[in-house]
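All remarks here apply to the structure that follows.
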Amino acid sequence: MNSVTKISTLLIVILSFLCFVEGLICNSCEKSRDSRCTMSQSRCVAKPGESCSTVSHFVGTKHVYSKQMCSPQCKEKQLNTGKKLIYIMCCEKNLCNSF
């Protein structure tokens with residue numbers, strides 16, 4: 001193997017490794033409604049073990065607002081308290097927690 005081939009091979013290996021190291025990118029929004037962030041829109045990079053999440057708040061069948069974030073130990077669930085429903089959604093792909 002000549003030196004150019006060795007360097008090319010090394011570069012491919014390093015770039016492949018960087019793809020695995022890159023963190024999960026999530027949408028972050030303090031308050032969203034009607035598919036739009038209305039307060040504090042940004043992005044966060046999930047730490048190891050975290051996922052992207054959306055917490056949606058409903059009264060009856062009416063969507064009141066949602067919140068998007070990076071979440072540690074996210075578990076999907078529905079919480080019913082009388083007329084209020086809170087739905088927690090977790091996902092693990094870049095920008096999967098859209099507004």
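Cβ coordinates are placed from backbone N, Cα and C, and glycine is handled just like the others.
Among the features that Swiss-Prot reports, disulfide bond is placed at CYS26-CYS52 (among others), with the record citing sequence analysis. Neighbour density for CYS52 (disulfide bond): within 10 A of its CB lie 27 other CB atoms from the protein chains shown. DSSP assigns CYS52 (disulfide bond) to a strand in the three-state reduction.
Annotation comment: Swiss-Prot describes CYS29-CYS37 (among others) as disulfide bond. A 10 Å cutoff on Cβ-Cβ distances gives CYS29 (disulfide bond) a total of 23 other Cβ atoms nearby, all chains included.
Here Swiss-Prot flags CYS44-CYS70 (among others) as disulfide bond, drawing on sequence analysis. Around the Cβ of CYS44 (disulfide bond), the same chain contributes ILE25, CYS26, SER28, MET69, CYS70, each under 8 angstroms and 6 or more positions distant in sequence.
Long-range neighbours of CYS90 (disulfide bond) (same chain, six or more residues apart, CB within less than 8 Å of its CB): SER51, CYS52, SER53, SER71, CYS74, LYS75, GLU76. Look at Swiss-Prot and you will find CYS74-CYS90 (among others) tagged as disulfide bond.
Per Swiss-Prot, domain 'UPAR/Ly6' is recorded for 24-99, and the stated evidence type is a curator's inference.
According to Swiss-Prot, the signal peptide annotation covers 1-23.
Residue environment of CYS74 (disulfide bond) contains 22 other Cβ atoms, counted within 10 Å of its Cβ in all protein chains. All protein chains included, CYS37 (disulfide bond) registers 19 other Cβ atoms within 10 Å of its own Cβ.
In the shown protein chains, 21 other C-beta atoms lie within 10 A of the C-beta of CYS70 (disulfide bond).
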